[in-house]
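Per TrEMBL, the features are:
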- 133-284: domain 'ATP-sulfurylase PUA-like' (DOMAIN)
- 295-509: domain 'Sulphate adenylyltransferase catalytic' (DOMAIN)
- 517-669: domain 'APS kinase' (DOMAIN)
- Gly525, Phe526, Ser527, Gly528, Ser529, Gly530, Lys531, Ser532: ATP binding site (BINDING)
Amino acid sequence: MYVLSNPKTSLITDEEGQLFRLLRHLDMAPDASQRTIASAIGVSLGRLNAQLRLAVEAGFIKISERAGPDRRQRFAYALTARGAAEKLRLTDRFLAAKFLEYQMLHAELTGTRPGLTPLSDRTTFMQNNLAPIPELYVSSDSAQKLKVEAADLVSWDLTPRQICDLELLMNGGFSPLKGFLSEEDYDGVVENMRLADGKLWVMPITLDVSEDFAAKLEPGQDIALRDQEGVILATMTVTDNWTPNKTNEAEKVFGADDQAHPAVHYLHNTAGAVYLGGPITGIQPPMHYDFRARRDTPNELRAYFRKMGWRKVVAFQTRNPLHRAHQELTFRAAREAQANLLIHPVVGMTKPGDVDHFTRVRCYEAVLDKYPTSTTSMSLLPLAMRMAGPREAVWHGQIRKNYGVTHFIVGRDHAGPGSNSQGEDFYGPYDAQDLFRQHEEEMGITMVPFKHMVYVQERAQYEPFDEIEDRDNVTILNISGTELRRRLSEGLEIPEWFSFPEVVSELRKTKPPRAQQGFTVFLTGFSGSGKSTIANAMMVKLMEMGGRPVTLLDGDIVRKNLSSELGFSKEHRDLNILRIGYVASEITKNGGIAICAPIAPYAVTRRKVREAVENYGAFVEVHVATSIEECERRDRKGLYKLAREGKIKEFTGISDPYDVPANPELSIDTEGADVDNCAHQVILKLESMGLIKG
Ligand SMILES: Nc1ncnc2c1ncn2[C@@H]1O[C@H](COP(=O)(O)OS(=O)(=O)O)[C@@H](OP(=O)(O)O)[C@H]1O
Ligand SMILES: Nc1ncnc2c1ncn2[C@@H]1O[C@H](COP(=O)(O)OP(=O)(O)O)[C@@H](O)[C@H]1O
């Protein structure tokens, strides 16, 4: 048994010291022989043997037999996931002990008390924000070994948000966290923004999984964490496994259990029911193929600041394209703090509906040219935002501190989630600044607060709104995010005082005016109501106009090709409609027009298709509202007769349900109008929605 010291005190026992040296050596040089290890860590062979035995018993290392003639090299030793976690824990304690030792020695030599800032630079050790920060990765040799070992473990396939969280856990961006929160830490964070040991931490970073997955696990079991391609990124020792009270989490962390808040919506609809907690052993970072040169870990940024001699750095967090107001704000912040500037945009996950990060990074690169090159830098942060306003601001500050930044800009409504279900703001415009201020000192990063910046036409410059004394005598201009989106979607002018032409041109490329974007027309109604006939007429009219490719996904045609194996049970109909929805959303995403004409009898499924399409463009639901009597009278295919005779089962409108659309964009009465007129009604609707130009 190892005698481990009390983690609350900084003293380290001899045994811990030896264990640390052993684990460190095996991390750097797995497979070394006993002789090499003994000489590297300075112990006798006999003593090493005893140590190895203890470490194997504790599950920190594993022994394998090696083929070969040399008896002295018969065994190979390598770190296990548990050993790697133990090494990380000891590393922290070692650092703390060494710093304490340093401080005491410093105090003795300089006659000062420990904890005081040293009197002269000569005796200052490396500036706090520039010293390397502990990561959770093992060495690349050990990673190779652990990967093989982890292949036998139960695996969890990480969600996109968990991949973002894991990357920042592993690279030190979420320091002091060493893994996904334990239940005790989670409770502390939710209730009073502190970990169980009292350290400030405001955001629950939890590994949410399904109930089925959680039920398979034993306490203390190691699991492999894989990315969406199945690559093992880390292992985790599951120490905690619990069902959280999500309502309480929503109220305490996000301010209300209101699903208009994107993170609350995620919590209830996307996150798994059970949380797992435990330490992480990092094997490799998630792979990024985009903008690799613009991505830095906390240690890489710290090294960059060291190299550049940047002692003070002010960071600007953003999830939006930079416009002139932001540039002015960042200039002023850097001037006020007399610091260098880091543009630190989030490229992990932001608010649903935001401009995608590919477009944004191209915009940032265009704006970067307008800053003095030697004073400003840009780096991309793979964070999954929660839009938690005040708590999010503090979290952002802690993360930036880990990245070596000394100052942080907090503006109006920092990380605001928009309006709640009553149409009111979730947080006050300066709540984030207030909470940040309360914790600023403890975090060790200084806030640079900013008020709302507006453009004063007479002086042709941006000014903080509440500092404008002659407010009544000048013209104040401002374009809100909503107004900007409207102008972009309608192809209207965006003035130069608002944004840089390069940025506007990038945004226009990604978000062309509505009349050039893709969209989906979704016709629904009984069999024989006229869906296919109207759809065909519309397709011809749209093709005559030209400009965008038109694809018809008719019920019959889809059933012949995409869904040939399906019948007419509820499950099969839903599957059929979701497939149509998926294809339509892809067409819409790529700028085409999709016309769908299935019966689609279920409202819930139609709603899912709407949501999928609306991620990329407009969804126009058209109810072809021909009565069942008229459809039966027409009985074009003779199916109604068969249905009445019971020869076709589950026939929509006869022996199967149809949910009449409650709020379709258009409802057509085919009994009082001819086909051409019905198709024309749809065309007029598309025109009124700005989707086609008249
Ligand atoms: N039981 C039953 N109920 C409804 N319809 C039936 C059934 N059996 C076969 N058909 C024929 O299949 C066509 C409907 O397929 P859909 O893919 O549009 O249906 S659904 O949306 O998946 O419910 C439908 O074509 P349309 O007349 O073009 O609507 C029918 O011709
Ligand atoms: N105004 C109208 N719009 C569409 N179809 C109509 C109209 N008036 C009569 N019809 C007839 O109704 C039938 C509709 O069949 P179809 O388009 O195949 O319907 P669905 O695709 O909904 O099953 C066709 O025979 C069509 O000529």
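A Cβ is built for glycine as well, from the same backbone N, Cα and C atoms used for every other residue.
Caution: TrEMBL annotation is automatic and unverified by curators.
Owing to the predicted nature of the structure, the values given are computational and were not obtained by experimental measurement.
Contact annotation for binding-site residues (Gly525, Ser529, Gly530, Ser532) versus ligand 1: Ser532, each with CB under 6 Å from a ligand atom. Of all Cβ atoms in the protein chains displayed, 24 besides its own lie within 10 Å of the Cβ of Gly528 (ATP binding site).
With a 10 A radius on its CB, Ser529 (ATP binding site) counts 26 other CB atoms from all the protein chains. Taking each Cβ in turn and tallying the other Cβ atoms within 10 Å, the top scorer among the binding-site residues Ser527, Ser532 is Ser527. Neighbours of the ATP site: apart from Gly525, Phe526, Ser527, Gly528, Ser529, Gly530, Lys531, Ser532, residues of the same chain with C-beta atoms within 8 angstroms of the site's C-beta centroid are Ala597, Ile599, Val624, Thr626, Cys631. Within the group of binding-site residues (Gly525, Gly530), the Cβ with the highest number of other Cβ atoms inside 10 Å belongs to Gly525.
A simple Cβ count within 10 Å picks out one of the binding-site residues Phe526, Lys531 as the most packed, and that one is Lys531. Mean model confidence for the domain 'Sulphate adenylyltransferase catalytic' (295-509) is a pLDDT of 94.
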